[in-house]
């Protein structure tokens, strides 16, 4: 271990800390996109409290990064998103950490460990965690353990790696920072206090006049903390009624919001639970939806949830904040087991929260996509005994959903349009599964009055060329065409040609979104369109087949006209199949060997001439 103290052994480091009487403080910093990394960070925080550490758990971008030089013990938990990108709530930290002017020894007093959460079906598996580990080491940090690489693809999920790694981590940490004399690790059977206490207000307490969804303050650019309440102008189904998939083109009015965006950007939408689910939840937990309360942090220094008004009603908390439709995680069952007054229910909950019970939990929860509300139904004795102040520890907050913007302000000023597939599918459970945000949005009818949706815009991953002469090849099967509709509208409004679109769907008559719009642009000479209708003939035809068929044109655009290539859509097999088709173009038309073609495509990616945005 190399540190400011010279090269020391682990044993010397232990005695040095004992000699220094170092405070037992642990900081857990997380970068989380879907909530898994945050959930794991909170778990480490709970385990730290059981070991009598003063522990803070914070999002990386909520932490004052300049203070890192004063920290002695930090665990980083971070996810990797998209094409090896850091999550949104650690992007500022990431930029700071990779500044070239940071002195190489600046973190030499820091003992640290990095836990990565990723998905090995993506090429840049756990890229952020690996890079973070390497960078902190470069700045002089002392790694307690090798970086942990949790994998969603594992049969037991990331916990298959996380569980043994945490056991090893606590071993290391307790050797460096032993328990104070006379104290023992708090038993896992003892319930920790909640993060907040909940204080009901008297029924006759005065009501402050506040509309809970207020438009953003004038001149404040809308953000997650201050979304803009945009009016829904239209909500139109763009697939045939007989088609299995309901896809909507929804238009929002953002007049006066101060929102600006360009093609490739993303609109974030904050969804809410449906009234029936809210009512069921309140009945199950015996809560009065109209009761008002205030929250107070249990420990000084804990900030209140930013998105909850104070005071707040139970109805608002359950409608806008608690994600009762998400698939519950292991930590949910662990905390729930503490409230159980019924022996059978408690045993089952304890099994679900144990390392040995993860396979059973997976088949109960993850495989059938059982929701938190449905799980609560299955444990009725426990559910009605949940103390309200534990609700915020038990159930995560509803996360905003991202949609590619499918329109350009040049064609539709003060408007944002999205192209959205309504998520509904069957599992072995009798009720069909429904995506929270897409079903909520699909249910909104602008003809029934003033319907509003909280939203804000963030920069997208795709950047379109500045030079008006550069042609663009866009490959967007299904709703993947959304960002390209924005790009084409923008480019056409600027009088730019050179737009080549490969669009794929099942049947021309059922799900050829925006058909009339594309055909008009083709007629006017603004667009060259290639379509692949996979089910309209005997053998299936996809966008990758059309790329191969038009390989001469694709090669000419890439080699002579320095075209940019964009790909968007579902991340299952499509991106790999398209990459293969592009490589075959480079081989057959450009005369490259297979390895040269692969390297050429990678070089196009590095220079941002090949960009992709895929989602699962």
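Using the three backbone atoms N, Cα and C, a Cβ is placed for every residue, glycine included.
According to TrEMBL, the domain 'Flavodoxin-like' annotation covers 26-170. Mean pLDDT, taken over the domain 'Flavodoxin-like' (26-170), works out to 92 on the 0 to 100 scale.
Sequence-distant neighbours of residue 32 (FMN binding site) (same chain, 6+ residues apart, CB-CB distance under 8 A): 38, 39, 41, 59, 77, 78, 79, 87, 89. The feature FMN binding site is assigned by TrEMBL to 32-37, 79-82, 117-126, 152.
TrEMBL lists 225-465 with the feature domain 'FAD-binding FR-type'.
There are 27 other Cβ atoms within 10 Å of the Cβ belonging to residue 404 (FAD binding site). Taken from TrEMBL, the feature FAD binding site covers 369, 401, 402, 403, 404, 435, 436, 437, 438, 615.
Residues or ranges marked as NADP(+) binding site in TrEMBL: 479, 534, 535, 540, 541, 542, 543, 544.
Neighbour density at the Cβ, taken as the number of other Cβ atoms within 10 Å, is lowest among the binding-site residues 438, 479, 534 for 534.
Residues 479, 534, 535, 540, 541, 542, 543, 544 are recorded as binding NADP(+); their most distant pair of Cα atoms lies 19 Å apart. Checked against residue 436 (FAD binding site), the binding-site residues 35, 125, 479, 542, 543 differ in C-alpha distance, with 35 being the nearest. The closest partner of residue 119 (FMN binding site) among the binding-site residues, by CA position, is 402; the full candidate set was 402, 534, 541.
For residue 82 (FMN binding site), the same-chain residues that are 6 or more apart in sequence and have a Cβ closer than 8 Å to its Cβ are 461, 613, 614.
Across the range of the domain 'Flavodoxin-like' (26-170), the DSSP-based residue counts are 58 helix, 35 strand, 52 coil.
Of all residue pairs in the FAD-binding list (369, 401, 402, 403, 404, 435, 436, 437, 438, 615), the one with the greatest Cα separation is 25 Å apart. Each of the binding-site residues 402, 543 was scored by the number of other CB atoms within 10 A of its CB, and the lowest score belongs to 402.
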